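These features come from Swiss-Prot:
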type: BINDING; residues: SER11, GLY12, ASN13, ILE14, SER161, ILE162, GLY163, PRO164, GLY165, THR166, ARG167, ALA168, ASN169, ASN272; note: NAD(+) binding site
type: ACT_SITE; residues: CYS130; note: active site, acyl-thioester intermediate
Amino acid sequence: MKKIRCALIGSGNIGTDLIYKIRRSALLEPVWMVGIDPASEGLARARELGLKTTAEGVDGLLPHVQEDDIQIAFDATSAYVHAENSRKLNALGVLVIDLTPAAIGPLCVPPVNLREHAARLEMNVNMISCAGQATIPVVHAVSRIQSVAYAEIVASLASKSIGPGTRANLDEFTYTTSGALEKVGGARRGKALAIINPAEPPMIMRNTISCLTDAEPDQERLSASILQMVGEVQKYVPGYRLVNGPLYDGNGVSVFMEVAGLGDYLPTYAGNLDIMTAAATRTAEMFAEEILAGKIRLPTPEVA
């Protein structure tokens, strides 16, 4: 079966984990890994796995996009450089999945709104953040039943799972995730908080989700909606688990989740990596299905 050929931009934790997710896909093939440090472990591992590599950033990939038929690129670099990366790749007809908090394209959470993005050709979609992918489905599960005045999420992440790129983008991480709780989750106001936990041994990713509904919670319908949504996420993130809840207190609804990874690149405590890379892979697969079926066509680049 024909596969859509992909490039991975960024050779850090997220980019390296993506290699394994995409290699398992029936629809996607990883072909290029792009970095900026010739000595990076991610580039070395990519070469071992048979990918072509460059340490010259996106500019090192551009001359090879057409000859290697790259149609989808995953950008796992930084919010600060994403817009320029995306502009250069889009100009060559490459669809970009954005794993930075840049959020220049529409925000995507697979079980909430992926199908609508795939149905129309978006050349850049943003995966928000690991915390967003872990918590927005639950907020949406509440807001589709009852209006939510306020949603607050707290993500606790093992320090060892947070690379320099994510650390440099923590402000953008908070801002983008807070906004996505509103735009995608459906809350009128959203607030996202991240705790980077240096404990040894490293702790699994944990998420606390609190919603304040306008009316008294319809506990039976809300619980059913939340459990259904947890099942949807588990289809592509098997380690996504409801630990406690939903708990009800007045108009408050609280849910406690944890996310274990598959252990592809970092150990299983790094569920924050897995939920981000799995969501991005699922998103790319949906676009790949549409491309392979001829339902959407990527633009043909103009040859100078």
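Placed from the backbone N, Cα and C atoms, the Cβ positions cover glycine too.
Given the structure is predicted, the values throughout are model-derived calculations rather than measurements.
The NAD(+)-binding residues named in the record, SER11, GLY12, ASN13, ILE14, SER161, ILE162, GLY163, PRO164, GLY165, THR166, ARG167, ALA168, ASN169, ASN272, extend over a maximum Cα to Cα distance of 17 Å.
The residue listed as 'active site, acyl-thioester intermediate' is 13 Å away from ASN13 (NAD(+) binding site) when you measure Cα to Cα.
Neighbour counts were taken as the number of other C-beta atoms within 10 angstroms of each residue's C-beta; across the binding-site residues SER11, ASN13, SER161, ASN169, the minimum falls on ASN169. Taking Cβ-Cβ distances under 8 Å and a sequence separation of 6 or more, the neighbours of GLY163 (NAD(+) binding site) in its chain are GLY12, ASN13, ILE14. All protein chains shown were included, and the count of other CB atoms within 10 Å of the CB of GLY165 (NAD(+) binding site) stands at 20.
Between the alpha carbons (Cα) of CYS130 (active site, acyl-thioester intermediate) and SER11 (NAD(+) binding site) lies a span of roughly 17 Å. Here ARG167 (NAD(+) binding site) comes close to ILE196: these same-chain residues lie at least six apart in sequence, with C-beta atoms under 8 angstroms from its C-beta.
A simple way to gauge crowding: the CB of the residue listed as 'active site, acyl-thioester intermediate' has 30 other CB atoms within 10 angstroms, across all the protein chains here.
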